[in-house]
Amino acid sequence: VAGPADHCLIMRPDDANIAGNVHGGTILKMIEEAGAIISTRHCNSQSGEPCVAALARVERTDFLSPMCIGDVANVSAEITYTSKHSVEVQVNVLSENILTGAKRMTNRATLWYVPLSLKNVDKVLEVPPIQYAWKELEEEGRKRYEEQKLERLVTKERNGDIIFPVINPEPYTVGCSQSSLIHLVGPSDCTLHGFVHGGVTMKLMDEVAGIVAARHCKTNVVTASVDAINFHEKIKKGCVITISGRMTFTSNKSMEIEVFVDADPFVDEPKERYRAVSAFFTYVSLSKEGKPLPVPQLVVESEDEKRRFEDGKGRYLQTKAKRQVQMQPLTQQ
């Protein structure tokens, strides 16, 4: 069994926004890299076909406290469950002030990886089993595995939405803040297979969500949480990807933004555009002193926007209580 993987990174100005807060996407990319290393290492721990672990899903994750320029991110990853064809990795991020030595838990995330053969990218290999300290740990892991498998199917079913541009939108409407980013996938974005790193995709998604939130509030904004991210299809080198975001819900102090990633394959095998990834990001608005500010309420116009607002409200009410419970033990560590 591969042991825990740990690494440290100092946060630089290009990792942060103009207020000095590290982008949520930068943290998600660090988390994914740590998960990819430990799961690839584990999947190659027994003699067999060489493989690379590809990201399949990231469970809901909360950003518990902001990280700033000059802080050191301590990232640690550990494998917590293996099924026949997938690996569950738990990643923790601690923010360290190297001048005072003070450390804070910034993020705790769960990721799922699938080992793909280096010789044939469509071939999913078997995962070497891990040893569990207690039988209960294996049973709990199996339960989490079944739950995420079911959720992935549900998400795939609601994936047909398209975001259209709006001419002369009114202030605080969905059309006023919706944003898109177009990116050509190059070699530096990709794994050994020539497919995009999950962390690269998540960083771009967070960037678009941040633009939507900033356009709506016109203040400093930071990522508060990300709902489960499902990677439905691989994105190949040479694809042009369109990352689109729109606001779906606002509470008094937070905004929910839906983000899609659509891929257009041009090189080698021209085919239809397809939906590769989708997720919901939650942002908060901050003052210059870093205190939460009230969020301007979203003006919903169409029936679809009203429906999405109500769906977002449901997710908000469900997670609000959970997040408060989770933050207590984490901030005490």
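Numbers here mean position along the shown chain, with the first residue as 1.
Using N, Cα and C of the backbone, Cβ positions are placed for all residues, glycine too.
TrEMBL: automatically predicted annotations, no manual curation.
Sequence-distant neighbours of Asn17 (active site): residues of the same chain at least 6 apart with a C-beta under 8 Å from its C-beta are His23, Gly210, Asn220, Val221, Val222. Per TrEMBL, active site is recorded for Asn17 (among others).
Around Asp206 (active site), the same-chain residues at least 6 positions away in sequence with a Cβ under 8 Å from its Cβ are His23, Gly24, Gly25, Leu28, Thr223, Val226, Phe281. Feature annotation from TrEMBL assigns active site to Asp206 (among others).
Taken from TrEMBL, the feature domain 'HotDog ACOT-type' applies to 1-119 (among others).
Residues or ranges marked as domain 'HotDog ACOT-type' in TrEMBL: 175-289 (among others).
With DSSP classes pooled into helix, strand and coil, the tally for the domain 'HotDog ACOT-type' (1-119) is 23 helix, 57 strand, 39 coil.
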